[in-house]
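Colleague: One structure follows; several queries about it will come next.
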Amino acid sequence: KKTDHVSTDIITADGEAAAVPEELPLPSEEPHDEQHQTKAPSATTPTRAVLKELRVSSATPDSVQLQWSVPEGSFDSFMLQYRDAQGQPQALPIDGGSRSVTVPGLSPSQRYRFHLYGLRGRKRVYHTSTEAVTAATNLDELPMPSEEPQPEDPQPKDPPVGSPSTDTPLARAVLGELRVSSVTPDSVQLQWSVPEGSFDSFMLQYRDAQGQPQALPIDGGSRSVMVPGLSPSHRYRFHLYGLRGGKRIDRASTDIVTEEPQPEDPKGKDPPTEATPSAVPLARAVLGELRVSSATPSSVQLQWSVPEGSFDSFMLQYRDVQGQPQALPIDGGSRSVTVP
């Protein structure tokens, strides 16, 4: 149930000059080595910030997950730049506390070159690059959600598990039960555990009410996800895959039926807000100001705070340029999101 909400209006930057901060070259040009710029704040050497190797942690036919580290200093934010399959430059702003990002909307079997910039006050301080090739569409590791997935191969038979993390049998990773933590007429929240080992990322697959396959990439550290845009009173079967290096290691599935549409609540009464604080006054949760931290011609980064209490998750809603409603589920621990 929505406990509190805040809104803000934004206008995306327009014009080529605003596509990226003026210090950032387009991804097509090979960026210069930024390491020399690290010494710019020479007044205080301790403020030096260093980006470590940018690497691919997983790849699907339409997305790539990248990871990096910051062994020294810190950055205000990051900017990931690349060219899409049509050769158009893309820029993805990333929060300064992040160490991984999932890049969606890619094309299958396509080579991409990614440039990650560490920024301070919109000036680039460091840069690192990597190349990635998206998976082919006919990857037999990830069946379409419509086909009933066959039982997973026993883990010992799956040799790819051994290669990414030495030859130790301890590198085995196991997905716990996939279960429903909440359900509404148009969304469901799923939770799971990883009782043994770890995964680079997860992939949730299901078919929508029209029978179209849907795939939702999820960060490897997550243990819950909100799936929006469902239809009321409809049965869905969800398959969660634990991935390592783009290969599935384990799978968990569950069936759910979304709730029936509820009668319109009188807006003025606000019963949900009444109900929560009356039972336990300390359970009150408040959202702080929603603000724009950065904007490009094709994306916006939003930030917010939670001055009181906590939320299980967030849901960001907006209408796109065509007037179509969009819903973006966000983990309850997050305080920023990039809307691409």
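Glycine is treated like the rest: Cβ placed from N, Cα and C.
TrEMBL feature annotations, pasted as is:
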type	residues	note
DOMAIN	50-140	domain 'Fibronectin type-III'
DOMAIN	174-264	domain 'Fibronectin type-III'
DOMAIN	286-340	domain 'Fibronectin type-III'
REGION	1-46	region 'Disordered'
REGION	138-169	region 'Disordered'
REGION	254-280	region 'Disordered'
Colleague: On the 0 to 100 scale, where does the mean pLDDT of the domain 'Fibronectin type-III' (50-140) fall?
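Modeller: Across the domain 'Fibronectin type-III' (50-140), the average pLDDT comes out at 87.
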Colleague: Pull the DSSP breakdown for the domain 'Fibronectin type-III' (174-264) and write it out as helix, strand, coil residue counts.
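Modeller: Grouping H, G, I as helix and E, B as strand yields 0 helix, 50 strand, 41 coil.
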Colleague: Taking helix as H, G and I and strand as E and B in DSSP, count the residues of the domain 'Fibronectin type-III' (286-340) in helix, strand and coil.
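Modeller: The counts are 0 helix, 31 strand, 24 coil.
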